[in-house]
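Annotated features, as they stand in TrEMBL:
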type	residues	note
TRANSMEM	41-64	transmembrane segment
TRANSMEM	71-93	transmembrane segment
TRANSMEM	99-118	transmembrane segment
TRANSMEM	130-153	transmembrane segment
TRANSMEM	165-185	transmembrane segment
TRANSMEM	212-233	transmembrane segment
TRANSMEM	245-265	transmembrane segment
TRANSMEM	277-296	transmembrane segment
TRANSMEM	302-322	transmembrane segment
TRANSMEM	334-358	transmembrane segment
TRANSMEM	364-385	transmembrane segment
Amino acid sequence: MRPAWTSGIILTGIVVAAFNLRPGVTGLSPLLETMGGEIRLGGTFLAIIGMLPPLLYGLCGFLAPRLITRFSAMTMTVAAMAMITLGLGVRALVSDPGLFLALSVLALAGMGLGNVVVPPFVKAYFPDRVAFVSTVHVGLLQLGTFVPPLVAVPLARELGWRGSLLVWVACAGLAVAVWGVIAACRPAPQTEVRAASVGGRELRRLLSTPRAWALMTMTGMTSFNNFILFTWLPPLLTRAGFDSAFAGAMLALVTAIPLVLGFVLPAMAARLRSSAAIVVSFCLSLAAGYLGLWLAPQAAPVLWTVLLGIGISTFPLALTLITLRSRGPEASAALSGFVQGGGYLLAATGPLLFGLLVGAGGSLWPAFVLVLASVGIKLAVTVPATRAGHI
């Protein structure tokens with residue numbers, strides 16, 4: 001039996017790592033208008049900064065399993081947290097837009113690696129408590145998504161926008177310290193965290209498995225909408241006549257709902273043979289929220305935001321399904337890399353396409369047709385993606 005401290009320190013590591021995988025994204029968008037006074041933020045910059053998170057998450061999702069094989073999951077987790085800390089820390093100090101984007105790439109690459117290298121620790125160290133630890137992991141990831149946009153503008157009023165961004169560097173630095181201790185102690189897992197099969201047989205098997213493609217598409221369409229909302233919900237609300245503080249609060253609200261549901265959905269998914277009914281109901285909520293935001297944004301902005309938040313809550317469910325549908329740590333790393341890598345690459349087109357459609361003629365209807373079509377695609381793959389049994 002492993003000493004109790006092993007489980008405790010690994011769980012602490014999972015908590016601090018999960019929390020740091022989103023503040024660099026959601027803590028930025030409410031500040032873009034304020035930053036415009038010091039950094040030249042044109043439409044191209046906004047399109048790129050919105051596209052970078054899912055693009056880097058996707059590319060690093062494919063790279064991470066191979067890096068785990070070469071360097072170990074422990075080493076790559078420390079490296080991922082260090083990349084986040086360095087990228088966010090220096091980014092907050094520069095004024096050149098190109099350098100800002102380059103440092104964002106470094107931080108986002110660390111987040112992308114963290115998306116994939118952390119979940120296998122759940123299977124390796126807590127094989128008998130997967131549902132509980134998955135709930136903790138997903139919940140802290142959603143907490144790290146919710147808190148930054150809620151406090152970004154108030155912090156900027158007190159500390160300036162650079163100070164607001166630097167707050168999250170301290171959190172990332174804590175994650176580096178915790179994982180540095182874990183790496184030094186090398187606690188023994190119940191099963192090895194490796195990904196040796198990813199480069200060969202396991203990846204080929206996933207490529208020929210329709211359910212793996214369905215789960216990847218469901219995750220991709222969820223993230224497609226997540227990143228559109230992270231980037232464009234505040235500008236859409238300010239365009240409708242609301243101030244930036246209200247827009248930031250609505251961004252916090254749209255991320256708070258997946259946070260709350262993220263503490264419930266993993267346990268539900270573990271008990272249900274299929275989560276299809278949950279996904280379908282969330283898709284209908286997402287469609288209703290988009291229609292309200294498009295056709296009557298000033299009528300009930302809080303209601304539209306709540307519906308959108310419910311709609312994107314399939315993300316914590318998708319993360320849980322990756323762990324539940326895997327046979328072990330190696331399969332978890334492989335499926336996580338395949339689903340998140342491909343899913344985030346699909347999602348990378350979302351903010352860019354949405355922005356191009358908004359800017360093309362000034363009308364919003366092409367952009368909203370795009371997001372409603374993405375909801376339809378997600379509905380089409382729901383049943384195979386959520387079916388019971390290992391993938």
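Including glycine, each Cβ sits where the backbone N, Cα and C put it.
Contacts between the transmembrane segment (165-185) and the transmembrane segment (99-118): absent, as fewer than 3 C-beta pairs lie under 8 angstroms at sequence separation of six or more. Contact counts against the transmembrane segment (364-385), taken as Cβ pairs under 8 Å, peak for 302-322 among the stretches 71-93, 99-118, 245-265, 302-322. Using a cut-off of 8 Å between Cβ atoms, the transmembrane segment (212-233) and the transmembrane segment (99-118) share fewer than three residue pairs, counting only pairs 6 or more apart in sequence. Long-range neighbours of the transmembrane segment (334-358) within the same chain, counting only residues 6 or more positions beyond its ends whose Cβ lies under 8 Å from a Cβ of the stretch, are 43, 46-47, 50-51, 54-62, 64-65, 112, 115-116, 119-120, 195, 197-198, 202-203, 206-207, 212, 215-228, 230-232, 318, 322, 325-326, 364, 366-367, 370-371, 374, 391. The stretches the transmembrane segment (245-265) and the transmembrane segment (41-64) do not meet in space: the count of Cβ pairs below 8 angstroms, excluding pairs fewer than 6 apart in sequence, stays at fewer than three.
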